[in-house]
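Read the structure below first, then the notes.
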Amino acid sequence: MLLWFLSLVCSGFFLVQRMSAHVGSHDKPFLSAWPSYVVPLGQNVTLTCDSHRGSNIFKLYKEEGSPNHQLHETTFQKSQVFGPVTTEHAGTYRCFHPQYANVLSAHSEPLKIIISGIYMKPFLLILQSPLVDTGGNVTLECHSENMFDTYILISHRMGIIKNSVQVSAEHHESGSHVTYSIGPMTPDLVGTYTCYGANSYYPYEWSDSSDPIDIKITGVYKKPSLSALMGPVLMMSGETMALSCISDHQFDTFHMSREGVPRGQGMPAVQSHSGKFEAKFLLSPMIQKGNYRCYGSFRNASHVWSSPSDPLYLPAKGNCPAYTEADTKTNNYKNLHILTGLLVTMVLVVIIIFYSCYFSKQNKSQKQAAASMEQEYEVKNTINTQNFEGQERQEVTYTELEQRIFNQNLMPPISRISEFSADTIVYMEIMK
């Protein structure tokens, strides 16, 4: 009888344990935070505990972090708003539903609440283009002047945190940093990335968020075509140029890039009369030269792009011709002919300037020589006049013929003038 009673008690005990385990695992609630479990200092966060039983009453308790006296022996209705949050709200939380006296539901999985904005934000850099081919890799670097122990890289999609990676930091004289390699690239890895810094002794207190970087994957869909609008349909405003991106695919949005870097926001696609989908991009008057490409994407996957269009080269700002790679060789020949013509013109101009300077100097030299000869003539005339002052007055006739120097002295030397003082002296000097 005693053995039968003990056997019945043990069976009942194990049956209750098994039923409790079954009920607890089936009724395990789910604890979530909105808008995110990473909460900026001073902002609000809403904690919600959901259950398959549809119960709206639950309790919270904190496993790690500073004690939160607001939770002690307090029952909440479905959701609870905390805020403005401080470092006291940081920690690990669980929730459960009180069912009846001394019987509780299973506890939820732990939920970490992180308070950000405790330290200055780090800087996030991308070491390649943010447009990554399918299967490619990309490297991100997060660095700061603060000596953080760890950095946390977080990816967002539609404003919701998808993944996070925590890596130990490397220290150096100017601060700390860490590098992340992402790839091979798939649509699941793309999104908006930010990074935070933290210290091991305060794991629930992070720095402010870095500036975001958007990483897109390309090559998922067929490439569109890109062209410059020419002729009467050219959409111009001053020196603004219009580019057209067109595709057979029913893309929602088209995007533009220059030298692998996205430019501005995407443009909505419009279906043309031919049934194709098109978007027009107006480039500012100060057009930067380079290779332009366009891509297509869908609204529900804005980080997943098509293959790039063939490059369209814009060589200069303003109203400039546009070239594709097929036109490059032809344009190079044209440019070579233009350059050759300019060089020949420059050489001719230099030669003309040289000869002009040469003849100018020659004329100047001739004028100086003529002036010098005229001055010499005046000096000689003065000397001859003075030599005859002591003699009898004689008649001297000067004749100037053209510009050749020719002296004909019909008078005797000066020493013999006195002997022929009665004769007429004819002096003829022809100067050039």
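Positions of Cβ are set from backbone N, Cα and C atoms, glycine also.
The Cβ of Cys95 (disulfide bond) has Pro29, Leu31, Leu47, Cys49, Phe58, Lys59, Leu60, Tyr61, His107, Ser108 as same-chain neighbours under 8 Å, each 6 or more residues away in sequence. As annotated by Swiss-Prot, disulfide bond applies to Cys49-Cys95 (among others).
The disulfide bond annotation in Swiss-Prot covers Cys142-Cys195 (among others). A simple way to gauge crowding: the CB of Cys142 (disulfide bond) has 25 other CB atoms within 10 angstroms, across all the protein chains here.
When secondary structure is read from DSSP and collapsed to three states, Cys245 (disulfide bond) falls in the strand class. Annotation source Swiss-Prot lists disulfide bond at Cys245-Cys294 (among others).
Looking at the domain 'Ig-like C2-type 1' (42-100) alone, the prediction's average pLDDT is 82. Sequence annotations record features per position, and here Swiss-Prot assigns domain 'Ig-like C2-type 1' to 42-100.
Among the features that Swiss-Prot reports, domain 'Ig-like C2-type 2' is placed at 135-202.
Annotation comment: Swiss-Prot describes 238-301 as domain 'Ig-like C2-type 3'. For the domain 'Ig-like C2-type 3' (238-301), the number of residues in each DSSP class (helix H, G, I; strand E, B; coil) is 0 helix, 40 strand, 24 coil.
Contacts of Asn44 (N-linked glycosylation site) defined by a Cβ separation under 8 A and a same-chain sequence distance of 6+ are given as Val81, Phe82, Gly83, Pro84, Val85, in order along the sequence. Summarising the annotation, Swiss-Prot assigns N-linked glycosylation site to Asn44 (among others) and lists sequence analysis as the type of evidence.
Cβ-based neighbour count (10 Å, all protein chains) for Asn137 (N-linked glycosylation site) stands at 12. The N-linked glycosylation site feature in Swiss-Prot is assigned to Asn137 (among others).
All protein chains included, Asn300 (N-linked glycosylation site) registers 8 other Cβ atoms within 10 Å of its own Cβ. The annotation N-linked glycosylation site is assigned in Swiss-Prot to Asn300 (among others).
Residues annotated as signal peptide in Swiss-Prot: 1-21.
Among the features that Swiss-Prot reports, topological domain 'Extracellular' is placed at 22-335, with the record citing sequence analysis.
Feature annotation from Swiss-Prot assigns topological domain 'Cytoplasmic' to 357-432.
Residues or ranges marked as transmembrane segment by Swiss-Prot: 336-356.
In this structure, the CA atom of Cys245 (disulfide bond) is 20 Å away from the CA atom of Asn300 (N-linked glycosylation site). Under the DSSP three-state reduction, Asn44 (N-linked glycosylation site) is assigned to coil, being neither helix nor strand.
Using a 10 Å Cβ-Cβ cutoff, Cys195 (disulfide bond) registers 30 neighbours. Residues of the same chain that lie 6+ residues outside the transmembrane segment (336-356) never bring a C-beta to less than 8 angstroms of a C-beta in it. Across the fold, the C-alpha of Asn137 (N-linked glycosylation site) and the C-alpha of Cys195 (disulfide bond) stand 18 Å from each other. In sequence order, Pro224, Leu226, Leu243, Cys245, Phe254, His255, Met256, Ser257, Ala279, Phe281, Pro308, Ser309 are the residues near Cys294 (disulfide bond), counting only same-chain partners six or more apart with C-beta under 8 A. Cys49 (disulfide bond) counts 26 other C-beta atoms within 10 Å of its own C-beta, drawing on all protein chains shown.
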